[in-house]
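What TrEMBL annotates here:
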- 1-14: compositional bias 'Polar residues' (COMPBIAS)
- 1-20: region 'Disordered' (REGION)
- 30-50: transmembrane segment (TRANSMEM)
- 62-81: transmembrane segment (TRANSMEM)
- 101-125: transmembrane segment (TRANSMEM)
- 137-156: transmembrane segment (TRANSMEM)
- 240-259: transmembrane segment (TRANSMEM)
- 280-296: transmembrane segment (TRANSMEM)
- 316-338: transmembrane segment (TRANSMEM)
- 358-380: transmembrane segment (TRANSMEM)
- 485-506: transmembrane segment (TRANSMEM)
- 526-549: transmembrane segment (TRANSMEM)
Amino acid sequence: SSQIASFSHQSHQPPSTPASKEVWKKGGRMFSILLAVHLALLACTLVSSGAFEKIAVHDYDVFFLLTVMMLIVIIWIIFYLAGTSRCPDAILCKDSHAGPIWLRGGLILFAIFSLVMDVFKIGYYSSFYSCLSAIKIIYPIVQAIFVVVQTYFLWISAKDCVHVHLNVTRCGLMLTLTTNLAVWMSAVTDESVHKAHSKLKKNVTEEIFRWLLKAGMRSSSAEECNCNSQICQIFKNGYFWLYPFNIEYSLFASAMVYVMWKNVGRLIDHHSHHIHRLNMLGLIVLVSGLGVLILYEVQVNSSTETSKKSQALTMYYIFNIVCLGLMSLVCIGGSVIYRFDKRDMDRHKNPTRTLDVALLMGAALGQYAISYYSIVAIVASTPRDTISALNLTYALLMIAQHTFQNIFIIEGLHRQPPKEDHKHNSHQKDLYGLTFVNVNAVSLRVPNSSSTLSPSTASGTEAVHPSDLVRSLTAPKKMNWRRKFLREISMFLLLSNIILWIMPAFGARPQFDNDTELNFYGDSMWPAIVDICLPFGIFYRMHAVASLLEVYI
């Protein structure tokens, strides 16, 4: 009895972490978010201003800012690795769900191609270094070092739950995330300007092209230098072809850093390990999408025949219609399952969840805008052919899929963690419903029916011993059919979002290849709409993948 009383007394002691620290935990997160927002707005302003000739911001100004940001991140990563290696209590646990092998493998693959791109850039700018700013050569060198250091950092630290220097770590991770997004914005802008120049050169003479550049369209400072040698042309064409890999590398790194930021200061139950199998239908969609992407790129970019282009567009639209239709149906099914779910809704204020929902809803606006612009153009244009009908169906399903998927993910974010489905005995009923458990310091509810504790009470309730507690926590968890079905749905959505994320990021953009919108809005307005809104659509897919990994997987 005395042992039980002592244990009960310890269980009701307040937690070791004061409430003030919990409040400052939210304050530290908010401060790091504000830092990231201001840096992202500054980078976005410079990058967008550098895309136009009439604005007195040059590309080497953008490169200078990105170079400084990458150098600061490199220094912070070295500080993080040195600090965590010297402190034995820096990383108390690791998140088994963070940084899965396929994500880290993809990061390594894109990092290798990004390094090749930097080599091509260095070779290209070195061909006429005398007429360029030195920052044009320094930038790819620093970027190559940044890619190597960051890839090593994410490979060994993606699962870390750090418990030292919490606020410095949060700010450093947010700076790393912002730097990757700034590099991504710069790469997308350079690629769009290059494609616009290439398309313009096909339709006008060299003299008119140079006049148009002077009239208001931004050209790279390298355009003013002569690149007549064959090796210079190889370097130039090579690094532009490798831009999509660098774009994907930045997105992969951003997703992994974001998960690391959310894991700062987190405690996780070491006994909860789940083995997840890949969803077969989602795997088929992913492999089929990669095949469609390769065929689309070959037929649209390599062939000048109109029939080949129509076949590629038809194939692209049919695949996306099937994929979006299946995703919409499974999201509706998941929302119906929630009606039978016995888990309570989490109605407490949560800044992180609020941010997740805001990013999810805000990023979806980009794809909504493109779809509605396409619907207006298709309905108002004549004549209507098969491509137009497929395009209309594609736009409508894109709106529906985003809507149903947002509802499904947001419902999951507001659900309480799943409880064990096996029947609880009298010992287990007295346990708190804990998301993350430390078996060495856990609270118990001991019946307080009398002032004197005894092994058995008048009501027949047996005493709760620490050994019973440990057995109950480490007991295997049985998953009910609702939870299994939600897991299968989320895995299918995850793989489908990945392929719908990869296709536009690697250049499969039918908005530029379909003449309906171009003829309706014009050659200047429609590309501007797509260039502004499409990055939000790509970011939406990335954030949807991160949310599905966090909530369901």
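Cβ coordinates come from backbone N, Cα and C, glycine included.
Between the transmembrane segment (358-380) and the stretches 62-81, 101-125, 240-259, 485-506, 526-549, Cβ pairs under 8 Å are most numerous for 526-549. A Cβ distance under 8 Å defines the sequence-distant neighbours of the transmembrane segment (485-506), meaning residues of its chain 6+ beyond its ends; these are 244, 247-248, 251, 276, 278-279, 281-283, 285-286, 289-290, 292-293, 297, 320, 323, 326-327, 330-331, 333-334, 337, 405, 408, 412, 479, 534, 537-538, 541-542, 544-545, 548-549, 551-553. Contact between the transmembrane segment (101-125) and the transmembrane segment (240-259) is supported by 3 or more Cβ pairs under 8 Å, counting only residues 6 or more apart in sequence. For the transmembrane segment (240-259), the partner stretch with the most Cβ pairs below 8 Å, chosen from 30-50, 62-81, 137-156, 526-549, is 526-549. Sequence-distant contacts of the transmembrane segment (30-50) (same chain, six or more residues past either end, CB-CB distance under 8 Å): 57-59, 61-62, 65-66, 69, 167, 170-171, 173-175, 177-178, 181-182, 185-186, 189, 218, 261, 351, 355.
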